[in-house]
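Feature annotations, courtesy of Swiss-Prot:
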MOD_RES   Thr1  N-acetylthreonine
DOMAIN    2-37  domain 'EF-hand 1'
BINDING   Asp15, Asp17, Asp19, Lys21, Glu26  Ca(2+) 1 binding site
DOMAIN    73-108  domain 'EF-hand 2'
BINDING   Asp86, Asn90, Thr92, Glu97  Ca(2+) 2 binding site
DOMAIN    109-144  domain 'EF-hand 3'
Amino acid sequence: TASADQIQECFQIFDKDNDGKVSIEELGSALRSLGKNPTNAELNTIKGQLNAKEFDLATFKTVYRKPIKTPTEQSKEMLDAFRALDKEGNGTIQEAELRQLLLNLGDALTSSEVEELMKEVSVSGDGAINYESFVDMLVTGYPLASA
């Protein structure tokens, strides 16, 4: 996984005229230079979601951190992981536990990214989050680009 500095350096290399934007046609090359290997279908999906001729650094960071898999594959992997953590088998995870996972595992999020994400999450009175709804939100309903 590339560091924030490596992502920024990569973006600057592809930002040939130093205007803070990179052509959408360069997205695949930029991602590959950081070790991602998106298929053409995955790139077309991302380009369709972005719906723009160019992207900025914030959008590139978001795209880089997003898993490059189909929504069905993403959902299955995330649900399998949550089910493994769900000792009671009740389909929920505590808000505090989810925050810790997001801050510390895999491509960890920053505190501000976790706060933004948690604003979108429905939490029950006892602090529980239905992880199937959470996964569905991440895969289908959470904005790809922070505009």
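Numbers here mean position along the shown chain, with the first residue as 1.
Cβ atoms are placed via backbone N, Cα and C, with glycine included.
Structure with Swiss-Prot features highlighted.
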residue	record	CB count, 10 Å
Thr1	N-acetylthreonine	12
Asp15	Ca(2+) 1 binding site	19
Asp17	Ca(2+) 1 binding site	7
Asp19	Ca(2+) 1 binding site	9
Lys21	Ca(2+) 1 binding site	19
Glu26	Ca(2+) 1 binding site	18
Asp86	Ca(2+) 2 binding site	14
Asn90	Ca(2+) 2 binding site	10
Thr92	Ca(2+) 2 binding site	22
Glu97	Ca(2+) 2 binding site	14
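Taken through DSSP, the domain 'EF-hand 2' (73-108) splits into 23 helix, 3 strand, 10 coil. In terms of C-alpha distance, the listed recorded positions Thr1, Asp15, Asp17, Glu26 place Thr1 closest to Asn90 (Ca(2+) 2 binding site).
The distance from the Cα of Asp86 (Ca(2+) 2 binding site) to the Cα of Lys21 (Ca(2+) 1 binding site) comes to 42 Å.
Long-range contacts of the domain 'EF-hand 2' (73-108) within its own chain (CB-CB distance under 8 A, at least 6 residues past either end) are made by residues 1, 65, 67, 114, 117-118, 121, 123-124, 127-132, 134-136, 138-139.
Geometry remark: Glu97 (Ca(2+) 2 binding site) versus Glu26 (Ca(2+) 1 binding site), CA distance 38 Å. Distance noted between the C-alpha atoms of Thr92 (Ca(2+) 2 binding site) and Glu26 (Ca(2+) 1 binding site) is 40 Å. Asp15 (Ca(2+) 1 binding site) falls outside any helix or strand according to DSSP and counts as coil. Per DSSP, the secondary structure of the domain 'EF-hand 3' (109-144) breaks down as 19 helix, 3 strand, 14 coil. With helix defined as DSSP H, G or I and strand as E or B, the domain 'EF-hand 1' (2-37) counts 21 helix, 2 strand, 13 coil.
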